[in-house]
Structures are given as C-alpha cells and as structure tokens.
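Quick look at what TrEMBL annotates:
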type: ACT_SITE; residues: HIS56; note: active site
type: ACT_SITE; residues: ASN129; note: active site
type: BINDING; residues: TYR339; note: heme binding site
type: DOMAIN; residues: 9-394; note: domain 'Catalase core'
Amino acid sequence: MTQEKNKLTTAFGIPVSNDQNSLTAGRRGPVLLQDVHLLEKLMHFDRERIPERVVHAKGAGAHGYFEVTADVTKYTKAKFLNQVGKRTEVFVRFSTVGGERGSADAARDPRGFAVKFYTEEGNYDLAGNNTPVFFIRDPLKFPDFIHTQKRHPATNLPDADMFWDFLSLTPESVHQVTILFSDRGTPATYRHMNGYSSHTYKWYNAKGEHFWVQYHFKTDHGIKNLTLAESIRLSGEDPNHATRDLYSAIARGDYPSWTLEMQILTPEQANDFKWDIFDLTKVWPHAEAPPIRIGRLVLNRNPVNYFAEVEQAAFSPANLVPGIGASPDKMLQARLLSYHDTHIHRLGPNYHLIPVNAPKNAPERSYQRDGFMRVDDNGGGGPNYWPNSFGGPAPDPATEEPPFEVGGLAGRYPYRFPNDDFVQAGNLYRKVMTDTDRDHLVGNIVAHLGNAQKRIQYRQAAIFFKANPDYGRRVAEGLKLDVSELERLAGMTQEDRAKATDQGTYS
Ligand code: HEM
C-alpha cells in the first residue's frame, strides 16, 4: 500500500486536499465543475438508498451458530445436520412485516424469523415467522393481503376498513388473526419469541426415504409479550426498542438462543393425518406430532455495519440443501420464486456475491457470468458453459432429490377436507388461552376493529363467533353490536354473509 494510512481519498484512492470548502471561482464565486471530489461525493450520496423490502422492511440481525444436539440422520442426509455437536455458522434477521424501514418495532404484526445456515453444501435459508400459521393459504391472495396491511392508496394512512374487509372476507385467516390479536402479536423483544417454519418441508435421508417436517425454534428466554398499552407507549418512546435490545444483549455477552424442535411425520402418518399438512393456516397438534429437540441456535456476534450485513441480507426459501426439499404447499411453491426475484430487483443479479449472502463454506462453482456488480473474478478464464471438457465443475447426480409422485388433473382447486377453518382458532381461544389472554385478545381486537365500518365489524365478529361463540359474543359486546345477529350471520355461507352485511342493515 503506497497511500499513507488515515489520509482521506476519493472512492478511487486519489488524495483529497480539502473536505470543508468547495472549489469556487473567487472568494464568493460559484462552485467550479472541476471540483471533482464534490461531484463524486454528491453523486454517490444521491444514490445511497436502495429499495426497501416490499414486506419485512424493518429489521435487525446478528451472526451466530447452529449446533446439532440429536441424531437426525435417519430423517435427513443434510450434511450440516449429520453429527451431534456439529456447528454451522448462521446469520439471522428478525423483522416486522407491514411497516416501513423506520416503523416501530412494537407494532402489532407477525415477526419475521429468517435464518441463513452457511453449510458445507451451500447456503440453506429458512425464512419463517414467529407464528406457526399464516393468514392465507393460496399465493394468489398474497399481494392483495399485503396491500390491506399497508397504507390506503388515497389517504396514505393505515386503514381499518381495508384491513378488516379483506380478513372478514377470508375466513381461513381467523386462526392467525387470533394469534396476532393476542399479546403474541406484540412480542416484548426478538429474544422473547419463538420462530416457526410455518410451512411443511420435506426431509429425505440417504436411503431416499422422505418425511414431512415443521421447524419450531423455541426461545430459551421464555415468551414475553407486550400489552396493548405497553406497545403503544414503546412505539412512541423507543420505536427501535427490539433492535436495541438485540444489539445490547449480544454486546454485553448475554447471547440469545433458541432450541430447535422438529415435528416429523412419515408419509403414512401424513396420509392419515387429521389436518391437511400443506395448509398453512393449520398447526399439527403436538399430541399427534410430538416435537423432538434436535439443535440449538445461538446469536453471539453483532453486525459491524448494518447496511452491509443486515439491509443487504437476502433470504430465499428456494435455497435448500440436499436432504431438505420443498413441499407442495402452494404458498411455499410461490415463495420459491418470489424471493430470488425480489432480491434481483432490490440488490441486483449478483446479490449472491454480497458477503452476507455469499456461500461461506461452499464456494460458488456455477456457469453464471457477468451482470451488474459482478465483483469477483467472474470465473476467470475457466469455461463458461456446460458440458465442457476443460475441467469445469460438473453436476453431481448423487445430490438429486429422490423422485416423487405427482398426479391429477390440472385445475384451480380449493383446499380439500371438510377443512374446518374455525376449530383450531376456537381451540386456541378455549383451551390454550388463560382468562387474561382472552381479556387482552378481545380488548386488542375491539380497539382495532372498532375503527372499521359497522357492517365489516359484524362480518368479522360472526367469524369469531364461528370459532367460538363466547369469543364472537365478547367482541360484539365490546363493539356494541347486536349480539343476537351473530348466530344468524355465523350460520350463513361466506358468500351469503358478505351479501347480508353489505345490505346496509348494519351501517
Ligand atoms: C406467497 C406468499 C409469500 C410471498 C409471495 C412472500 C414474499 C416476500 C417478499 C417479496 C419479501 C421481501 C424479501 C426481500 O426484499 O428481501 C419477503 C420477506 C420475508 N418473508 Fe415472505 N412472502 C410470502 C409468505 C411468507 C410466509 C408464509 C412467511 C413465514 C412463514 C414469510 C416470511 C418472510 C420473512 C421472514 C421475510 C423477511 C426476510 C428478511 O429478513 O430479509 N413470508 N416475503
């Protein structure tokens, strides 16, 4: 290095003589175009912002490791899981969903829980949430759903009508809505919440046998949530409280950790299972699929630079390593496309070269070349096509996922089963929640749904009533609705209920 240390330079290493006074024509003269340092500095500044994530824009992240604590080789051949005690480097990003990059950490919203495992077989990304289910189960509904969680196109304000109109016309959402409006919808910090794959994934072993699995990262610090009053207070006093909490805990050596538990079903068990295991709005009851402990996730290193390591982090459910496969869950199938696509838009076609996204323990050996910001050696002088006879990297058939059956007539199918969308939400209300949980749930809903039109309130209260009559009744009472109407509305089909509540009777 010929430049002296600590001497300011331009982005191209040229010494800068003065960084306080622009070059002017005379003492009071206009600025000269030949102040190239000023020009370069301003033009870079003008381009500092990249698009924020279309969802999950506000987040915090940290580095750490995953350690295997149980032998799972009979279920999966994934190498990073093949030995008890084995550690794999990870990067984890937590987020809220609907708010912008500067929005409050305490918002009522699911929390993203995205883990990037830098395995020896390439990066494995598991982008889950702190809830085991989701609002919808068909990806066609995702953009519409997200629009309702964002700002109104005219007022640019969050809008209770949009929010509840969509949900009350989408009854499959009631399970997730019940979780979201319980105090779990406002976790105290990122350290005090669980993370779930939510989707069912496939694991397959070295013999080619497969299993259906769900991941549960259980916090080792106990679940802690905010009440409505606390979340409102924190949103004002410290909108970054969860970001601060994560950073400070790691900085003081109080490393956050989670125990990974898996629910695992054989194909035979899955065939007889009471619930559609590819329906993202349903959980697998623990009694029927007891979770088993298999590992531990620890976060022990803060990012040195937020933009480099957190803002530019890019997770994709399509990044699966041998031994782990996708399931036919329609939502997951759509996610296999959507993330890579949005990263190319947000970060460019070579976002995999950004250090936080690069495969640390399995270097890229592909034939992809060129493109904006291809900043490595671009494959050097090696062959850029396959097949070749010049020693270029060759595909390895041993890493192929075992063949699996698909069949049937192409069509647009609603979910099968009698597919009761209300039982699991009702059970959560009836069996899992305490009296205090139920009080808070009803209070949180009333405070929010109360801002929507009356006809929408009726429609949504009828859905809660279908999940559990007491649940619906208490929400209706809180909203001062005519409780005697609920049973009638709840007994209708979704279409009839929508028509009935749109007739003006309830305005
Ligand atoms: C069809 C359904 C879905 C679509 C199309 C979709 C799409 C997206 C998109 C476009 C992003 C922004 C990514 C970026 O710019 O970096 C994102 C982020 C994210 N999504 Fe989804 N999503 C879907 C469902 C889900 C579900 C069900 C979960 C959880 C189980 C989930 C978890 C996440 C997480 C955690 C992030 C943030 C990742 C990060 O921290 O960078 N998404 N999603």
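Along the chain as shown, residues are numbered 1 onward.
Glycine is no exception: its Cβ is also placed from the backbone N, Cα and C atoms.
Note that the structure is predicted; figures quoted are calculated from it, not measured.
Annotated features taken from TrEMBL, shown on the structure.
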residue	record	Cβ contacts under 8 Å, 6 or more apart
HIS56	active site	SER95, THR96, VAL97, GLY112, ALA114
ASN129	active site	PRO110, ARG111, GLY112, PHE113, GLY195, TYR196, SER198
TYR339	heme binding site	ALA127, ALA314, PHE315, SER316, PRO317, ALA318
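When averaged over the domain 'Catalase core' (9-394), pLDDT in the model lands at 98.
Under DSSP, the residue listed as 'heme binding site' is assigned to a helix (H, G or I) in the three-state scheme. HIS56 (active site) falls within neither a helix nor a strand when secondary structure is assigned with DSSP, and so counts as coil.
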